[in-house]
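Each remark here refers to the structure printed beneath this line.
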Amino acid sequence: MDNLELFKILTKKIKEKDIISPKEMEIIDNNCEYLGISRILLMENAGKCVAEEVNKFKVELGEVPIFIFCGTGNNGGDGFAAARHLGNCSVILLGKEENIKTYEARENFKILKNLAEFGDISIKNVTHQNEILEILNEIENLDKAIIVDAMLGTGIRGELREPYKTVVEKLNEIKKKNDNIKIISVDVETGDLNADKVITFHKRKTINKENAIVKPIGIPKEAEYIVGWGDLKALSKRDPNSHKGENGKVLVIGGSKEFFGAPILTALAALKIADLVAVASVKDVVKKITNPELITYKLKGDYIGEKCIDKLIEISKKFDCIVLGNGLGVNEETKAFVNGFLERIGNKKVVIDADAIKVIEYEGFEFRENFIFTPHRREFEYMGINLDNLPSSTIVLKGRYDVIFNKNNVKINKTGNSGMTVGGTGDILCGIIGGLYAKNEAFLSACCGCFINGYAGDLLLKEKGYYYTPIDIIEKIPHVLKLFG
Ligand SMILES: NC(=O)C1=CN([C@@H]2O[C@H](COP(=O)(O)OP(=O)(O)OC[C@H]3O[C@@H](n4cnc5c(N)ncnc54)[C@H](O)[C@@H]3O)[C@@H](O)[C@H]2O)[C@@H](O)CC1
Ligand SMILES: [K+]
């Protein structure tokens, strides 16, 4: 079974989510763009859906005035598109035209302005409280009307602020007095607006009430499965006021008398993302580390063995995430260490790679959700994962297509190229994942790690052909993060 076949099996075994968070929706929206589906196309479909629902109310109420309240985000953009599909309506933009935030919303607004010049769509740009109240008073005096709430959607954060607060309060008052004022919310009710209908796009959101009507807008299911720049945009942002160490501390445990390069590559990759990276290894490795940015912990012996467990458990307490396994060696000593260490590490975040994967005793092993495994095909087969009882741990099966999964999620990553088959790229991948995992959730970190590693390789392929090295990949990590962060 190749990676693509495994991916297909997993998409059938893992239940598709019917409710998603606004953050998950943003990842999907952005990954639609990654797949080549423009936002303006989705907005068009969203606008059309809303217009269809408004028309259903018109059947019930007859010809009535329609007011579309639009915010300056993409929820407002959906309102502009709906207005064009409807014709004969009043669009109320709550803010200044120059504050419309996105290209697609601005383009839709421009079209409306062209139509409004001579057609029957009217546009009111309101910025002052008294202008808003004037319109709301006008609505209050009507027998019937349809209101479209395209004020705020999945971008809503925290308590409702002005001018939306006044509009929502006043509309709720009006609605209470006159049930022939029908309100349709676009995607999400703005604050606690008492809408008659909520038309939500693609899937129900965690912030929707139960009665939201879900409408497809042309988002293919592949957009939920692909890893793209949408995942990267969802990573936690660096706080400009943060202090040293607050953006993640990673401890790499690996290396042996025979292998010294692997843990160093892992640590250098993690260092591009986390604030603080340390390597705990045997003396032969530690003496080769000349990079002053890396912290080192020297352990006794030629291999990291059982006798190191107490010390490493203690050191681990100072770090957010541990990357375990690179260059460790496969023998009785390292086997005893890895199994004993993982048993005692509790719920600390651990990325498990390479030799550590090979020495774990999987019989009765507990695949905890704080573990990420990064096997290649042979290691994956050795792990003997039961596809009928998927693990809580996140598994990254590396390959031409990386398959990332756990019992609740599955995704596929297609960045990367055959120049990346050289030794060391796997060590870099788990370093990147470790750096991200220090400050993010396991599944997102694993997905983003695969994307970043592969994309760095793709940039290098364009620049240098296949003549690049693992160190070149490490140097490209910040470029990828800057492109999509
Ligand atoms: N991204 C996409 O590809 C698509 C998005 N669509 C629409 O876009 C919406 C999301 O758009 P945006 O991300 O631009 O977000 P919103 O349109 O929900 O608005 C976000 C803006 O509102 C303001 N805001 C946030 N919280 C506030 C509060 N509590 N009080 C007052 N103002 C507040 C902020 O300035 C923020 O920029 C979706 O709900 C959906 O309606 C659709 O067009 C379909 C496609
Ligand atoms: K809304």
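Every residue gets a Cβ built from N, Cα and C, even glycine.
Among the features that TrEMBL reports, domain 'YjeF N-terminal' is placed at 25-225. Per TrEMBL, the feature (6S)-NADPHX binding site maps to 74-78, 153-159, Y164, D187, A262, G327, H376, D427. According to TrEMBL, the feature K(+) binding site maps to N75, D149, T190. For 227-484, the entry in TrEMBL reads domain 'YjeF C-terminal'. Among the features that TrEMBL reports, AMP binding site is placed at G426.
For N74 ((6S)-NADPHX binding site) paired with D149 (K(+) binding site), the C-alpha to C-alpha distance reads 12 Å. Not one of the binding-site residues D149, T190, G327, G426 places a Cβ under 6 Å from an atom of ligand 1. Close to N75 (K(+) binding site), meaning Cα to Cα within 10 A, are the following binding-site residues out of T154, R157, Y164, G327, G426: T154. When other Cβ atoms within 10 Å of the Cβ of G426 (AMP binding site) are tallied across all protein chains shown, the result is 25. Less than 6 Å separates the Cβ from ligand 2 in the case of T190, drawn from the binding-site residues N74, T190, G426 in sequence order. Cβ proximity to the K(+) site centre (mean Cβ of N75, D149, T190, cutoff 8 Å) flags the following additional same-chain residues: F69, G71, G79, A150, M151, L152, G153, Y164, S185, V186, D187, V188, E189, L193. Under the three-state DSSP scheme, N74 ((6S)-NADPHX binding site) falls in the helix class. Within the same chain, no residue at least 6 positions away from R157 ((6S)-NADPHX binding site) has a Cβ under 8 Å from its Cβ. Summary for the binding-site residues G77, G327: the Cβ-based neighbour count within 10 Å is maximal at G77.
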